[in-house]
Amino acid sequence: MNIAKLSVAGLLLAAATLSHAEALLKVSAIPDEAPTELQRKFAPLGQYLEKELGMKVQFVPVSDYAAVVTALNADQIDMAWLGGFTFVQASQRGKVVPLVQREEDSRFTSKYIVNADSGISKLQQLKGKSFAFGSASSTSGHLMPRYFLQKQHIKPEAFFKSVGYSGAHDATVAWVSSGKVDAGVLNASVWDKLVEAGKVDQSKVKLLGTTPPYFDYNWTVRGSLDKKLQQKIQQAFLKLNAANPEHKAILDLQRASRFIPTKAANYKGIEAAAKEAGLLQ
Amino acid sequence: MLSNSLHDPARASRLAGLIATPLLLLAAMAYTGFNPLLLADGDTAGTLWRFVADFFPPSTDGTFLHDMLRETATTLAIASSGLALAVLLGLPLALLTSRALDRDTLCGEAPARPWQALQRLLRAMLIVLRGVPDLVWALLLVRAAGLGSLPAVLALGLAYGGMLGKVYAEILESQPREAAAALAASGASRLAVFGYALLPQAATELISYSVYRWECAIRASAVMGFVGAGGLGLLLDTSLRMLNGGEVGSLLLLFAALVALTEGVSRVSRAAIHSRAGGAALATGTLSLLALSLLWLWPQWREAPFDVAGLWRFAQEFLRPTLRGDFLVQVGSGVLETLLVSALGSALAFIGGALLALPASNRGPRWLRAPVQLLLNFLRGTPDLLWGALAVLALGLGPAAGVLALAVHTSGVLGRLFAQTLENTPPDAEAALRHSGAGRLACLCYGLLPQALPQWLAYTLYRWENNIRIAAILGLVGAGGLGQQLYLALSLFQLSNAATLILAMLLLSWGVESFSRWLRQRLG
Amino acid sequence: MSLRFDAASLSLNGHRILQPLTLQLAQGEQVALIGPSGAGKSSLLLLANSCHRPDGGSIQLLGEDPWQLRAPALRRLRSRIGSVYQHPPLPALQRVVTAVGAGQLGRLSTLAALRRLLWPQDVAAIRDALQRVQLGDKLWQRCDRLSGGQRQRVGIARVLYQQPELLLADEPVSALDPRLADDTVALLCADARQRGATLLVSLHSVELALAHFPRLIGLRDGRIAFDLPRAQVTPPLLAALYAGEQPAIADEPALGSGIRIAPC
């Protein structure tokens, strides 16, 4: 009797799961900022996509960069906002398709910041100080700054007293501001946003420098996702137009002027840099 | 030994000890960069104080409280189902490996060779299962099979399964043999001997230990989120990274309440085993808790199905450890750092524990006793990983923070044990000295400590064996050692490097265990 | 007066152990305390080394009332009083040299005491004390490796090393063979005589008491049955003292274990 009930319930659950999977697009993002901020940023974009695609869109918060890569490769999510480096990792470990990127992502930069009390004004003065990258898997918070530092013959582990990973760009600012580390590096776009929003105490954190430009973020889907759906998603992103006030709100939250198509070849440079920096084998 | 000489025959070794101990401590301090004076430094104290002051008032933000409730439920569910899995794994392994059920121990039959080989293999498996810290299991599973609470449940199941397998086997071995031997002599099977002879004898102890482990599992699953495996740790990790003091404050309060609650439930349950009605209530409670846990976790598992293919791919990459020279050098420095952090942290905790044990036992002023006991509970109740995160805030990134975190947390653990030792030590020797006019400190050092010291040292060595594992994972919050290298390797999908690092952790933990066992035997 | 009881009485756990006792020992006097088990000999000695506080009357030790003194003065007074215990409480892992050296802790500064713990000091004097109880070869031995009799003699070596002005001993030779017991009591007496110290020893053996002490105090049921010079202690007196000797009463603590409940 009980066993019969249980198995019926199990079947119903399984059926519900299957029917769900058809109409639901599960989206995630590398947690390059605080989870609450990610959700805030995504909400209007999610509603827009629901309308355009005619299906439910769900945001799956993830605490760690590499976990997004694993989840995308494991088909646990359908689409993700990836950094250049996480995209390279995901395409090495499975089949993924990059759809669009922000126009800004083709010339992205990182900012070096320093605790104001340290009195440091040049990168070379950071010798023997403590330094924070963002997440180890971050392009703008780790890979590219490391790559450019190495070009200047700075090997972080030897040059700095200690190297830490704050995990996210806004965390890096909090760390430098509190004096937990002397200096750090983060995504230029997040830095600009925090400065505009007045969330950086300029008496505690100073800008030290900017890296040369490189390719970064994109929206990527898993390779096994329906090709038509892939195209629909791409079109939805490309249709976003800053002249439309509703669209402008979405673009502003994404800190994009517009979205443009992208292709895997754009990230060959990142792959080469990752190999040179020893982060990719 | 029987020397009339005025020269101390143990002079050389005492001198060596007197010189070597401080030198070793100083060397360890220099290598890990741990400078106790830094704690008194205004800047350090200021940074930490500002953060701790932010704990008040704790955050009462609606969404945050809602998240907290949800993750508390998840934490409880992970711990309960993880422990259930551990029992399912540990009990059969214990039955297969326990010497208490071997026919050669019970009725002197010659053991079959293939059977012995299988037992050896299973025992080695148990060592690996429990030798890898639960948090590292979780980290591996999150990387291999994706997000969510399932990796946390599996991690607890594996690590605790290994532990339960060993302890269950030992509990069975400590039972009187007669009944089992009689059954075995009449030809009963292994399972029958267990069911009819040993289980009735050992049941209460087995259950009581499992309940105690459930209590530990709650503490463990509360920090699993630090590696992305769900539960309260996820919130704590984020709040700590963002330096959001109010949220950390709320989480700490919740955490203390949770620990107190589970300790209470655990105590009541262990008392309940002894009566029939209590046993039935316990069984019902356990089953409903388990059912509720699975019901709660099921939607999460459905949404993020376990990636078996990914696990397989991961295992293939993983099972080829990197043995490149330059990488091994890097691992070697990580091993040394982890070893020194654990040793120095434990040594400092010995001092801290001793200083706290005096007022916490019946030796100090009476008014001081309750507050110090409270402090000890706080020190040991707050998870080591959290101490690690706070220590990083105070001392900056690196091994020094690891030393501080271990020293603080272990002081709480040892302080309580040391106080118990003191309360059990006969006061005669001390009193006799006091009545011949010796001062307080002299009475303590000549009368009390020589009696308590062997026990204290044994406790500290035991704790060191535990701390070597903790030191290996403190790197996850930036406190140096092998943990940081492992986290980096797994973040960058350098799985063969991760394999080498885990191998190094296992070897290190095995080495420290053997060394400590040897030392304890010499002391006893 | 080295020791003076004025109607001093003692109760423990609501039981009266000692009735009000009045007693005086002059400086340099040597007195044996005898009586059946449970008579209160150990309790009397515990009053005399200021372990217990009398609940009636008063006591004076070396001319001072210990219970009127402040802590430092009490410490100074106690350092001049030495006690030998029937079962000397020696920590198992402590070495004999340290255990005996602890006899002078009352006279050492805390710093000096700690230094001695790390590195043995005054070893020659400690060895002399041990040689007097024929344990010179045990200087570097650990206490848990000693027999009961050896431990008792280490306890005696400790007071010899302490050189107190008032020496109190509770059944100090109970674990020794008769020959060694005789030598050891003689040693205590000779040491006290030589330094002009006062000696009060409780003994189970009447023979030993009669052989070595000019004055004997008989104690029974917490009362002084007699307090007489050796010559006046007659067999009938002794017979009355030990008449119908009963097994030890649980309430009366032996020295050593008695300290367990010491209120001080």
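Cβ from N, Cα, C; glycine included.
In TrEMBL, annotation is done automatically, which means it is predicted and not curated.
Listed features, source TrEMBL:
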- B:72-266: domain 'ABC transmembrane type-1' (DOMAIN)
- B:76-96: transmembrane segment (TRANSMEM)
- B:135-160: transmembrane segment (TRANSMEM)
- B:211-236: transmembrane segment (TRANSMEM)
- B:248-265: transmembrane segment (TRANSMEM)
- B:277-298: transmembrane segment (TRANSMEM)
- B:335-514: domain 'ABC transmembrane type-1' (DOMAIN)
- B:339-360: transmembrane segment (TRANSMEM)
- B:385-408: transmembrane segment (TRANSMEM)
- B:486-512: transmembrane segment (TRANSMEM)
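As a quick check, the transmembrane segment (B:76-96) and the transmembrane segment (B:385-408) miss the bar of 3 or more Cβ pairs under 8 A, pairs 6 or more apart, so the two do not touch.
The stretch from B:339-360, B:385-408, B:486-512 with the most CB pairs below 8 A to the transmembrane segment (B:135-160) is B:486-512. Most Cβ pairs under 8 Å with the transmembrane segment (B:248-265) belong to B:211-236, among the candidate stretches B:211-236, B:277-298, B:339-360, B:385-408, B:486-512. Residues of the same chain lying 6 or more positions beyond the ends of the transmembrane segment (B:277-298) and with a Cβ under 8 Å from any Cβ of it are 73-74, 76-78, 80-81, 84, 149-150, 153, 207, 269, 271. Among residues of the same chain six or more beyond the transmembrane segment (B:339-360), those with a C-beta under 8 A of the stretch's C-beta atoms are 25, 28-29, 31-32, 34, 368-369, 372-373, 375-376, 399, 402-419, 421-422, 444, 456-457, 460, 463-464, 467-468, 470-471, 474, 479-481, 508, 512.
Residues of the same chain lying 6 or more positions beyond the ends of the transmembrane segment (B:385-408) and with a Cβ under 8 Å from any Cβ of it are 31-35, 38-39, 44-45, 47-48, 51-52, 135, 223, 226, 233, 236, 240, 243, 252, 337, 340-342, 344-346, 348-349, 352, 379, 467, 470-471, 473-481.
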